[in-house]
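A.B. asks: Encoded as structure tokens, here's the structure I'll be asking about.
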Amino acid sequence: MNIHEYQAKALLKGYGAPVAEGVAILKAEEAEAAAKSLPGPLYVVKSQIHAGGRGKGKFKELSPEAKGGVRLAKSIEDVVANAKEMLGNTLVTAQTGEAGKQVNRLYIEDGADIDRELYCSLLVDRSVGKVAFVVSTEGGMDIEAVAHDTPEKIQTIAIDPETGVTAADVAKISAALKLEGAAAEDAKSLFPLLYRAFNEKDMSLLEINPLIVMKNGHLRVLDAKMSFDGNALFRHDDVRALRDETEEDAKEIEASKWDLAYVALDGNIGCMVNGAGLAMATMDIIKLYGKEPANFCDVGGGAGKEKVAAAFKIITADPKVEGILVNIFGGIMKCDVIAEGVIAAVKEVGLKVPLVVRLEGTNVELGKKILNESGLAITAADDLDDAAKKIVAAING
């Protein structure tokens, strides 16, 4: 689960992190009062969407010359004008795709005198089985580009879970970021509290880009991104309350209600599979034959007919889907249950695209019999390779 920047900063502020004063608004009419409540005279007006690259993004409804989704304002009047121009419009960034995201809220923040921009994130480094700091002196820009072009400028410091962030760890991080004086002193409290927040809130990612050194020498969190482990949200009512479903794919929200592992993708072949490994293999073979999967959908090992039907309806709700491949290996999951669920869903929503079903495992013959006797236009496949060829051929006509 992701949250907005202003929410992430409020959470970090609660742990004692240095963040600027700011106010979130939902209406342009609130911009003037928000700006007046801040020290000024510089302000930053930030679009709040769950996507990076906001500053370089462009609004669909505005001219190409218009400013992006993060704007500097030098007066309260500028804040108001920018708020009127940004709220309600669609921001397209490198991470949103061509569709973009509608800006439904803004964060009006006090400006900062920036001396240096740094990068700092925490994530789970699975290669060593520890939470690690990933830091770079090249902050305020696309960290993926830095990793590709100048990987030597990125350093990783793994933290021993038994000790937490030690003075030696802080020294390593500070050296990597070339922190001195007041910034180095701030680091002694900042990095341990970031680690504590990451662990206590069950985050999967905490990214600060940029972490700045101000002209007075002190550190400040200028931007913050947080992702949380969805499987741990039951422990965090406060975090769950921050969820903004308008920023999420409607199909993924519906899938979560059925405990389906569903991720929307950009292709045109819908996939319904049981087991994450088989789902990955199914997507791979679709790509091998020249097409792209429209989704990752794992119905799990113990799904009933209703859950299968729900998964099928979610897949068919995607207008990009031009064909559907159902690939089931029945172990705990029974093939006849899959067949009944697919048929129930097809009868309810209709079938306007080709459907190929490959079944193998428990009750496979019964499952095939149910499909064959359904009278529906369902193409049977003998194995995964055969299934992929048939769905691609059906789409190509």
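For all residues, glycine too, the Cβ spot is worked out from N, Cα and C.
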A.B. asks: So Swiss-Prot lists GLY331, ILE332, MET333 for substrate; which of ASN268, ASN274, ASN295, ASN372 goes with them?
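C.D. replies: The record-listed residue among the candidates is ASN274.
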A.B. asks: Rounded to a whole number, how many Å is the Cα of GLU109 (ATP binding site) away from the Cα of ASP223 (Mg(2+) binding site)?
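C.D. replies: About 11 Å separates the two Cα atoms.
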A.B. asks: Let me know how many other Cβ atoms fall within 10 Å of the Cβ of ASP223 (Mg(2+) binding site).
C.D. replies: 24
A.B. asks: Measuring Cα to Cα, tell me the gap between GLY331 (substrate binding site) and GLY53 (ATP binding site) in whole angstrom.
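C.D. replies: Counting only the Cα atoms, the answer is 44 Å.
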A.B. asks: For LYS46 (ATP binding site), identify the closest of the binding-site residues ASN209, ASP223, ASN274, MET333, judging by Cα separation.
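C.D. replies: Closest candidate to LYS46 (ATP binding site), judged by Cα separation, is ASP223.
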A.B. asks: Please report the distance from the Cα of ASN209 (Mg(2+) binding site) to the Cα of GLY53 (ATP binding site), rounded to the nearest angstrom.
C.D. replies: 11
A.B. asks: Distance between ALA112 (ATP binding site) and ILE332 (substrate binding site) at the Cα atoms, whole Å?
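C.D. replies: The separation of the Cα atoms works out to 58 Å.
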